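Asks: Okay, handing you the structure first.
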Amino acid sequence: MYIRSALLALAALAGQALAFPLNSLPERDNAGLDIQLSSTGNTRVKAVITNNGDEAMSFVKFNTLFDSSMVRKVKISKDGSAVPFTGIFGYYDINNLPKEAFATLSPGASLEAEFDIAETADLSEGGSFKVSADGLLPIAATKGSTKVDGAIQFKSNELTIDIDGDEAAKVHASVMSTLGKRSRVDGRTCQGRAGQIIVNSLRSCVGYAQAAAQGAANGDAQKFQEYFKTTSPQVRQNVARRFQAIAQECSSPSQGRSIVFCQDVYGYCQRGLIAYTVFANSHVATCPDFYRLPARVNQGLGPDHGYVMVHELTHAPAVFSPYTQDYAYGYQQCRRLNAQQSLGNADNYSLFAAAVARGA
């Protein structure tokens, strides 16, 4: 784990979206919800959601088609094979979302968003690609509420797009070039208080990950079953290895396979986003809301700084493979995932680590 800053000297003195593409979260009747995709030019796609129901609907925009960040919005395939995603994975506290995280649609109203799918996927091969979106749209209990109490399952139409590979390559290369430049940010982002907070966050991450590794390998089988829906010895050992890799990464602030930034060096932060991981280079950036979280939570399953670091590093392919997705957030939603989904969902790991370390 590299921390980009003058923090390296400090560490030596001191000693680390919503993509809800699943069908097992609490669902509501999806009658009246319509999502249509259309091609607007080479790799640009427009999504339109329409509420054809009789009541207003408030849904979460984060990690969906209507998130302005480079999160996974659609599924892309070519010749039957999925095209890998290369964007960002963000962490949000699903139980503490700001009002601007939601959009409200009155009956008959529509909302649209346009994005470039080449920003988060390498489509330079060109030719015919299939593009679609499906999953669950998290919804609020009532209009104007910020409490998520369910989700509406949706499935868009499927597009077949003939893509100019050279033009797609330019879009993707531009994004990758930006990431490359950012990886050489100087030591200004982690000075002072922010730097000390990150040092302490990494220490907390080590504690969580080490406890979770022990719990996964040799701990209570029922506790493991609660979070990962299996007690397979092979699966338990593999989960333990992931936690061991995270513990090692968080214990090495001056070396390692990832970099933590104390500021939003990529410009993806928005209110409600706590931190994010850039898939392409396993960089973790913290947002202002990260510093509003408690440094340490000793009871329950709420997020703190170490919790978030564990969550983000499960996304980092340089730390452990396969990397995780953001299928669901928070205990109530994560508990409804099946075994395969749970093992691939970042927050299940943070929740398990918190449960073991805090005795929750």
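Using N, Cα and C of the backbone, Cβ positions are placed for all residues, glycine too.
Taken from Swiss-Prot, the feature signal peptide applies to 1-19. Swiss-Prot lists CYS190-CYS262, CYS269-CYS287 with the feature disulfide bond. Taken from Swiss-Prot, the feature Zn(2+) binding site applies to HIS311, HIS315, ASP326. The active site annotation in Swiss-Prot covers GLU312.
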Asks: Where ASP326 (Zn(2+) binding site) and CYS287 (disulfide bond) are concerned, what is their Cα separation in Å, rounded?
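Replies: With the alpha carbons as reference points, the distance is 18 Å.
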Asks: Which one is it: of the recorded positions CYS269, CYS287, HIS311, GLU312, HIS315, whose Cα lies the shortest distance from the Cα of CYS262 (disulfide bond)?
Replies: CYS287
Asks: Say we define neighbours as other CB atoms within 10 Å of the CB. Which of the disulfide-bonded residues CYS262, CYS269 has the fewest?
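Replies: Per-residue Cβ counts within 10 Å for the disulfide-bonded residues CYS262, CYS269 bottom out at CYS269.
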Asks: Distance check, please: Cα of CYS190 (disulfide bond) against Cα of GLU312 (active site), rounded to an integer number of angstrom.
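Replies: Checking the Cα atoms of CYS190 (disulfide bond) and GLU312 (active site) gives a distance of 18 Å.
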Asks: Provide, as an integer number of angstrom, the distance between the C-alpha atoms of HIS315 (Zn(2+) binding site) and CYS287 (disulfide bond).
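Replies: It is 17 Å, counting Cα to Cα.
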Asks: Where CYS287 (disulfide bond) and GLU312 (active site) are concerned, what is their Cα separation in Å, rounded?
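Replies: Roughly 13 Å, rounded to the nearest whole number.
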Asks: Other than its own, how many Cβ atoms are within 10 Å of the Cβ belonging to HIS311 (Zn(2+) binding site)?
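Replies: Around HIS311 (Zn(2+) binding site), other Cβ atoms within 10 Å: 30.
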Asks: Just the number: how many Å between the Cα atoms of CYS269 (disulfide bond) and GLU312 (active site)?
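Replies: That comes out at 14 Å between the alpha carbons.
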Asks: For the recorded Zn(2+) site, whose residues are HIS311, HIS315, ASP326, find every other residue on that chain with a C-beta no more than 8 angstroms from the centre of their C-beta atoms, and list them by sequence position.
Replies: PHE89, GLY90, TYR91, THR277, GLU312, THR314, THR324, GLN325, ALA346, ASP347
Asks: Taking 10 A as the limit, how many CB atoms besides its own sit near the CB of CYS287 (disulfide bond)?
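Replies: For CYS287 (disulfide bond), the count of other Cβ atoms within 10 Å is 20.
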Asks: Any idea which of the recorded positions GLU312, ASP326 has the thinnest Cβ neighbourhood at 10 Å?
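Replies: Ranked by other Cβ atoms within 10 Å, the recorded positions GLU312, ASP326 bottom out at ASP326.
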Asks: For CYS190 (disulfide bond), what is the tally of other C-beta atoms lying within 10 angstroms of its C-beta?
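Replies: Cβ-Cβ neighbours of CYS190 (disulfide bond) within 10 Å number 27.
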Asks: Note down the number of other Cβ atoms within 10 Å of the Cβ of HIS315 (Zn(2+) binding site), including every protein chain shown.
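Replies: Its Cβ shell of radius 10 Å holds 26 other Cβ atoms.
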Asks: Where does CYS190 (disulfide bond) sit by DSSP, helix, strand or coil?
Replies: coil
